[in-house]
2 protein chains.
Amino acid sequence: MDKFIHHRNLEFLLYELLDTEALLQRPRYHEQSRDVYDSILETARNIARKYLAPHYQKGDANEPEYVDGTTRLIPETKVAWDVIRDAGFLAAHCDEAEGGLQLPEVIFRSATAYFHAANGPTTWYPFLTIGVINLIRAFGSQEQKERYLGALMEGRFAGTMALTEPGQGSALADIKTRAELQDDGTWRIFGQKMFISAGEHDLTGNIIHMVLAKTKGAPPGVKGISLFIVPKFVVGDDGVPGARNDVALAGLLHKMGSRNTSSTVLSFGEKGGAVGYLIGGIGSGLACMFQMMNEARIGVGMNAAALASRGYLYSLDYARDRSQGRLPSNKDPVSPQVPLVAHPDVRRMLLAQKAYAEGALALCLYASSLFEDEHTHPDESRRVSAGVLLGLLTPVVKSWSARYGCEANELAIQVLGGSGYIREHPVEQLYRDQRLNPIHEGAEGIHGIDLLARKVTLRDGEALRLFTEQVRRTGAEAEQVLSVSRHAHALRRQLDALLAVTDGITALARNDPDKGLANATVYLDAFGRVTVAWLWLSQGLVAARALEGSPNDADRLFYKGKLQAAAYYFDWELPQVEPQWRLLTEGNSIPYDMMDTWY
Amino acid sequence: MDKFIHHRNLEFLLYELLDTEALLQRPRYHEQSRDVYDSILETARNIARKYLAPHYQKGDANEPEYVDGTTRLIPETKVAWDVIRDAGFLAAHCDEAEGGLQLPEVIFRSATAYFHAANGPTTWYPFLTIGVINLIRAFGSQEQKERYLGALMEGRFAGTMALTEPGQGSALADIKTRAELQDDGTWRIFGQKMFISAGEHDLTGNIIHMVLAKTKGAPPGVKGISLFIVPKFVVGDDGVPGARNDVALAGLLHKMGSRNTSSTVLSFGEKGGAVGYLIGGIGSGLACMFQMMNEARIGVGMNAAALASRGYLYSLDYARDRSQGRLPSNKDPVSPQVPLVAHPDVRRMLLAQKAYAEGALALCLYASSLFEDEHTHPDESRRVSAGVLLGLLTPVVKSWSARYGCEANELAIQVLGGSGYIREHPVEQLYRDQRLNPIHEGAEGIHGIDLLARKVTLRDGEALRLFTEQVRRTGAEAEQVLSVSRHAHALRRQLDALLAVTDGITALARNDPDKGLANATVYLDAFGRVTVAWLWLSQGLVAARALEGSPNDADRLFYKGKLQAAAYYFDWELPQVEPQWRLLTEGNSIPYDMMDTWY
């Protein structure tokens, strides 16, 4: 299984970079132990290896089929669903008293890394269901919890998030789906939703759609949006699915990748109205949905990290096994060829993949640790600050991981050359699957504006202040350690530049929001680069200190690799922010000034 | 057809940037006229629209099938082949006396831009055949020309280039295919070739494979390689295909994209030896093959430019048609939504695509004009210098176009968002098809070493000197023109940096080739960025001067767009060379020093 996720690296991130064992001190995790976590991760590895990886390519070659108004998946998908359910992962976040695993977020997310790396498309079914479970737990009425949670946790029902509409991609404020209140307090839903992942399938007896819709007379814009539970089969008081609800599969979408996740167009209310149940208050639909969206965004980051990781390890194996060519210094054509990994350019491509894959994994797990602190840290002020920081970093986690996940998978293909381009090897599928990540759960452009227009200015810039403190703390420690002090200085310079740019650009955006936010995507990318530089400095610092002890041989090599990847990141990746700072500082308006008639 | 290639832009490149009409002064083209060229391009547009575009997606969804030892293509492929043949394009380069069109290279390549944009995978069949025609014309004996050329020009035979082997991708020196001389002067070929495009199909009654093999007793390495004509059916003295030769289709490869081009594994000599005919001398196989490879490399560049162009124009249309969201300054949720193209970040993605697509097209046509001058310039010294310059730029044309073609198609997907990821729109297919270009005809790593180890040092650096003179000449003119003078200064700075880096790195490579060439791929990329900056400066200069005249309204908008794209290139793209110069100047050895055991 180290072919998908480097297990030693995962342990490093959990127990050396992040202090996951300290969670055991918190009341919620008192009864647990590192052994418990190790065995959870071992279970996830085994499931990934036995039940997910084997049908990764089959699910791609045999995408979901429209059959009699429903969707048929390859049967391996159902087996995997059952196994994941039986292992308790659907109820990973739920309390033990509810029958859940009560897992810390970092452990849950680490388990998902194995699943995503082995077979992302199949993994989205359980993970969307988990999102619905968490959403109903957070906002559902007592009656709603009783009616749905058990069935979802037991995998009898699955869940979806139904936001996007055919005419509206990222512009949720303009959704047209409407909800009409009935005398009995239920609602009738009318409208169409598009790109709904897992919107129809044959895994479960029922599907619970979480649907955004506008109520009659609601104010325009996002304030008019409410959230509804719309089951495929209306659930009776006995908890048993009864009559077919007025939700129809209008069509399947045929994706470039991630094919085994059905992508659907759903019609609500073509026969008089789909029965829906309001969850949260009227008008608070988007606020509720943001919980699930933010979870899904970290999930996208983790999917991206996992695909990058698998491509990296696969191409590394290939480069070690296959001999080709000679080094330029060797002019003797009868000397043996060298393995691909001996060529410096191949080493560069592998090192870049390592920097992206392990950087993204560190970023996602760090975000998970913030999520954990937000919910279970004993100190209230720490809970608050963790939440604020997580809010700031969520667009970065999602977007940086997706963007550089694509870069990583592109390099995996290049390492294999022609072999990377054919379906006999999995890297081309990883590349196609990965390309979804910069799109779903908010395209990059949206996240750039979210970061720059909302997150960095929130609470008078408190989130950015917390982030800055964190980075400076690591920098101050790292400056004292010879093998990483050079990186610490570089990070300090770029952090200062980030702060200066932020001041300038937010001031501009206050006066002229269109122009001020015009380059927000560049800002998002540069912010991500600085954030991941901080995580590479942190990893390098841990590795440098570990090397000062007496690690065993395997660990010594591992830590050396961490230091080299950190050096790669600081020399090859981070300096690319400099042209970005210039564009942002001068408020470059070349794209902004481009006229439609000039293209 | 302006959906695929912007016709006005093509005219601009041919007749305003390059002085294509001046070719009419050369004896070879005396009888031709701009009207002839316009009608050739109009024919190409029509073929592309009527016979290529309609089966682009069908060819992807129904890839070549292995049937009874041969390969079945969708029948539209054969119709397109016939139409392209009937229009005379197979004999585009041949003399009129031979029955050819006797076209200048820039006109031929411009025609191929339409074909590639409409349907690249189908286009490779005729264009590989054209490469074989040109190869036999250059190196074949009189007897070989008589036997094969007519049938190839008339489209009764097709051609392939058979270089790569299962164990050897880029390492041609190590091919294992061998050739044994027979008493009758023919040869018997034994071995296996892989990734042979168009290696088997049902378009023609015969296929002529140009096969690299080693003769008995040949020296090791590239000097031992010879080139052989190996027909699928042995051609008798009457010119009619006779007995089936000992060449078998061992299997089809299943590519991520470019699927309608069959990719084959071919076995030679499993039944006693495939009959082959030596072409060129013994040991000169690679030298001969380089003619076809270099042609194919410009062809890859043109394919990349064409796919980028189609994705650009498609996403531009989409962004104009689809309304979504509002500008940040507009807080009124009941105001109408704006078209996607009104969002600055979308304008950036479109402008970047324009810069890449039109930059690549300019680069490929400029290379074609060098090819033309190399062969038909009346002044011998100009013929020589054009050849030298083309040699220098070939790796750049191929690699820059491929790399930034991928970037362009990635942005086309992003402009469409979720719709870009589904097969209902063509941009995901363009993205998959394009991904082949950084791999075939030499992966990027190979071209980087070719450029740095061979091309820039050739003839004591003459090629680089010629390139420098060219760039400085444009720069000196542009410095006098207000709207582009800023760019001219920037280009001068980066050209100086390129020259300094080249001096440093070639000196290092002389002492330590492995270390000196370790970052050759970075050098290649930076060299490409400078080259395309020069072409954008040149285009900007032409546009600026045209605007000083009194262009009509449509032209005025077009020239404004050129100036804006040039400004985009200089502000957003070119500065990215700066971190690259630092890596190259310091001879950064982080990837070089990475140990296999540290990953």
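Cβ atoms here come from the backbone N, Cα and C positions, even for glycine.
Because TrEMBL annotations are produced automatically, they should be read as predictions rather than curated entries.
According to TrEMBL, the domain 'Acyl-CoA dehydrogenase/oxidase N-terminal' annotation covers A:39-155.
Across the range of the domain 'Acyl-CoA oxidase/dehydrogenase middle' (A:161-263), the DSSP-based residue counts are 6 helix, 51 strand, 46 coil. Per TrEMBL, the feature domain 'Acyl-CoA oxidase/dehydrogenase middle' maps to A:161-263.
Per TrEMBL, the feature domain 'Acyl-CoA dehydrogenase/oxidase C-terminal' maps to A:283-450.
Per TrEMBL, domain 'Acetyl-CoA dehydrogenase-like C-terminal' is recorded for A:467-590.
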Candidate ranges A:39-155, A:283-450, A:467-590 - greatest C-beta contact count to the domain 'Acyl-CoA oxidase/dehydrogenase middle' (A:161-263) (under 8 angstroms): A:39-155
The domain 'Acetyl-CoA dehydrogenase-like C-terminal' (A:467-590), counted residue by residue under DSSP: helix, strand, coil: 109 helix, 0 strand, 15 coil
DSSP residue counts for the domain 'Acyl-CoA dehydrogenase/oxidase N-terminal' (A:39-155), split into helix, strand and coil: 87 helix, 6 strand, 24 coil
